[in-house]
Structures are given as structure tokens and as C-alpha cells.
Amino acid sequence: MLATRSTQYIAKRGAHRASKDVASMIRVNHAGELGADRIYAGQMAVLGNTSMGKEIQHMWDQEKKHKAKFEELISKYRVRPTAFVPIWNVAGFMLGAGTALLGPKAAMACTVAVESVIVEHYNDQLRTLMADPKADKELLEVIQKFRDEEQEHHDLGLEHGAEQAPFYDGLTKLITLGCKVAINISKTV
């Protein structure tokens with residue numbers, strides 16, 4: 001009886017539970033887009049009134065839309081967000097503001113590092129979804145669109161001198177490692 005009521009409730013609301021793999025994708029993507037939103041917020045807090053402000057604002061506006069879409073998908077698919085949301089919120093802002101304090105090129109190095117990991121991560125998810133003939137088409141299209149926008153952010157970072165940032169190699173390796181750790185944590189926790 002309980003399963004029937006639950007099924008009826010879900011059918012009335014138009015929501016359904018995601019498979020374990022899809023739930024993990026939505027959870028980690030929501031966490032990543034939240035982190036990106038906070039990184040750009042931190043960069044804007046420091047560099048918003050500089051010549052880089054317009055570019056950072058453009059990327060931040062896209063990240064806000066990405067975050068909103070994954071918040072919508074979390075609700076639609078009844079996915080539990082990562083327990084690390086408060087930590088990613090603070091860590092993202094600190095990373096964005098911290099690299100921006102090192103200068104615009106360091107902020108762009110941060111963008112390049114983060115977006116390279118995210119593009120790779122989204123590509124992995126796309127391969128998984130495309131291998132499944134029953135894959136959710138909406139999720140597939142969302143990830144493709146966002147992957148392309150993240151690639152655009154990466155390329156803008158390079159165009160704006162990311163590789164000329166002080167300690168570029170060390171900075172990007174550290175940020176890349178941090179992103180990969182955050183992804184692995186957010187998939188399940």
C-alpha cells in the first residue's frame with residue numbers, strides 16, 4: 001500500500017527517482033556548478049571593477065544558469081544534494097577571491113584549471129549516457145550544452161593570459177587536484 005501511495009504521489013507531481021548513476025551525476029554536477037558559481041563570485045568581488053570584470057561576469061552569469069538547472073534537476077529527480085554544499089560554497093568563494101588577489105592572470109589560471117577538469121568530467125558522463133540507449137535525453141542535452149560553455153570559459157581563460165600567471169604550473173596542478181577530490185567526494189557524500 002505504501003509503495004502505491006508513493007507511486008501515485010510521484011506520478012501526480014511528475015517527478016521520479018533517478019537511477020543510482022543518474023542521481024550521482026546530478027548530485028556531483030550540482031555541487032560543481034555551485035562551486036563554479038562561488039568561484040566567479042569571489043573573482044568578481046576582487047576583480048569586478050577591473051578590465052576583467054566583464055569577462056568574469058559573463059562566465060558567472062552562465063554558471064548561475066547551470067546551477068539553477070541542476071537545482072531544478074535535483075528536485076525533479078529527487079536527488080539528495082551532497083552534504084558538502086556548505087563547504088563547497090565557502091571553498092569556491094575563497095578559491096575565486098584568493099586567485100583573483102594574485103591578479104587577473106591567476107584568476108584566469110584558476111578558470112583554466114577548474115574548467116579543464118569539468119570538461120573532462122562532463123565528457124566522461126556523456127560517454128556513459130551515450131552508451132545507454134535508455135539514457136535520459138534531457139540530462140544528455142543539458143550536459144552537452146554546459147560542457148560546451150565550460151570549454152568556452154577555459155578558452156577565455158587562456159586568451160586572457162592564464163599561462164602567464166605567477167606559478168601557473170603549480171597553481172593549476174593544485175586546483176586540478178582539488179577539483180578531482182571534490183568531484184569524488186560529491187558523487188556519493
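Even glycines carry a Cβ here, placed using N, Cα and C.
What TrEMBL lists as Fe cation 1 binding site is GLU33, GLU63, HIS66, GLU150. Cβ neighbours within 10 Å of GLU63 (Fe cation 1 binding site), excluding its own Cβ and spanning all shown chains: 24.
Residues or ranges marked as Fe cation 2 binding site by TrEMBL: GLU63, GLU115, GLU150, HIS153. A C-beta separation below 8 Å, combined with a sequence spacing of at least six in one chain, links GLU150 (Fe cation 1 binding site) to GLU115, ILE118, VAL119, TYR122.
The residues near the Fe cation 2 site, meaning same-chain residues not in GLU63, GLU115, GLU150, HIS153 whose C-beta sits within 8 angstroms of the mean position of the site's C-beta atoms, are ALA36, MET59, GLN62, THR111, VAL114, ILE118, VAL119, GLU149, GLN151, GLU152, HIS154, in sequence order.
Around the Cβ of HIS153 (Fe cation 2 binding site), a 10 Å sphere holds 25 further Cβ atoms from the protein chains shown.
Between the CA atoms of HIS153 (Fe cation 2 binding site) and GLU63 (Fe cation 1 binding site) there is a gap of 10 Å. Taking the mean position of the Cβ atoms of GLU33, GLU63, HIS66, GLU150 as the Fe cation 1 site, the remaining same-chain residues with a Cβ inside 8 Å of that point are GLY32, ALA36, ASP37, GLN62, LYS65, LYS67, ILE118, PHE146, GLU149.
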